Structures are given as structure tokens and as C-alpha cells.
Amino acid sequence: MADQLTDDQISEFKEAFSLFDKDGDGCITTKELGTVMRSLGQNPTEAELQDMINEVDADGNGTIDFPEFLNLMARKMKDTDSEEELKEAFRVFDKDQNGFISAAELRHVMTNLGEKLTDEEVDEMIREADVDGDGQINYDEFVKVMMAK
């Protein structure tokens, strides 16, 4: 995962890592993580800090070393990319840019993709995604449908 990062990104993350690694021993402890997060206005509990470390602590030693930190950052960046892609896809469907995908907009895009759908099929697609029942799909509903794929 970390091998998809550029040299610039890696040196940027090295800098960030050193900010976390207060004593310079090459590992981030829960205490160091807590200090940095509190300086950023967060107030994580000891358990939350432990969870965050466990999430990326590949060798199970209770701390995060630089390779583990890089994997975490690469994962977070991948998540951001897919969020950007979802926003872009939503904009494609949302022709009038009002923040909602209507049945007409959905039909238009599907037709352009070569999908000939009946009104019933389009209505069914809207109904499946339309959590709040307003007859159109907002961004959150769109994300739910796309992430379920």
C-alpha cells in the first residue's frame, strides 16, 4: 500500500511522524499520539488512542513505527481518492447541480450509458436509494448505494 506514495509524500509523512514521535525513538506511543491529538483540539480517551494504534500496529508491539505509519497514511489517502471520485460521479448525475438526483436526471445518464430503462425501473432505482422518501437521491444516499456495491 505504501509503495503507491510519491517521494514527496513520504518525506512529508516523515516530517509528520517526527512531530508525533516526541522522544525521537522511531515509535509513536499512545502517550505521544494523545499529546499531538490534544494539541489539535481533540480529546481522545486512552481506549480510543489504543484502538487507533492497534488499527495499524502490524507487529503487535503496541506502538506505531514509520512503515506502519506510512501504511496508515496511504490507506487514508486512498479513502480520500474514492470520496473525490464519488463526488465527481454525483456531479455527473446531478445535471442541474441542485444537490439532488431526480428520476429525470437518472434516466438521462442511464440512457447516455446505453441503458434503456422503463419509468418503472428508474422509479425503482430511486426508491431503493431514497432513504428519506423525498423522491430524489441526495449525496449521502448516493454514497450509501455506491459503497454497498
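Using the three backbone atoms N, Cα and C, a Cβ is placed for every residue, glycine included.
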According to Swiss-Prot, Asp94, Asp96, Asn98 bind Ca(2+) 3, and the residue from Glu85, Glu105 that belongs to that same site is Glu105
DSSP, reduced to three states, assigns Glu105 (Ca(2+) 3 binding site) to helix
The binding-site residues listed are Asp96, Asp130, Asp134; by CA-CA distance, the one closest to Asp57 (Ca(2+) 2 binding site) is Asp130
Secondary structure of the domain 'EF-hand 4' (117-149) by DSSP, residue by residue, totals 21 helix, 2 strand, 10 coil
